[in-house]
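Novice: Have a look at this one before I ask anything.
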């Protein structure tokens, strides 16, 4: 993976980039490009599982800025208000594309 942008510090409070290492949130290893809810051994909220979304630029642009509104009832939205700077959102998305 590339070096994480400063905005990722907010993400790593709950998420690991190591495969199979879940924290409060699921591991982000290989997350970009797959359907939500597929990190092994992580208990997702029913709202997340029902969303059917794919983790891509369009989804992340909305979700990272406002997780509560993008997937109502999800756990992340209850704890994290979102990244307010669009440049931070773009930097985190670019980084997640490199996290295998």
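Counting begins at 1 with the first residue displayed.
Positions of Cβ are set from backbone N, Cα and C atoms, glycine also.
According to Swiss-Prot, the record shows the following:
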type    : residues       : note
BINDING : 11, 14, 15, 76 : heme c binding site
Novice: Out of these binding-site residues, 11, 14, 76, which one has the fewest other C-beta atoms within 10 Å of its own C-beta?
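Specialist: It is 14 that, of the binding-site residues 11, 14, 76, has the fewest other Cβ atoms within 10 Å.
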Novice: Can you give me the same-chain residues 6 or more apart in sequence from residue 15 (heme c binding site) with a CB-CB distance under 8 Å?
Specialist: 23, 24, 25, 26, 27, 28
Novice: Can you give me the residues near the recorded heme c site, meaning same chain, not 11, 14, 15, 76 themselves, Cβ no more than 8 Å from the center of the site's Cβ atoms?
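Specialist: What remains near the Cβ centre is 10, 12, 13, 23, 24, 25, 28, 80.
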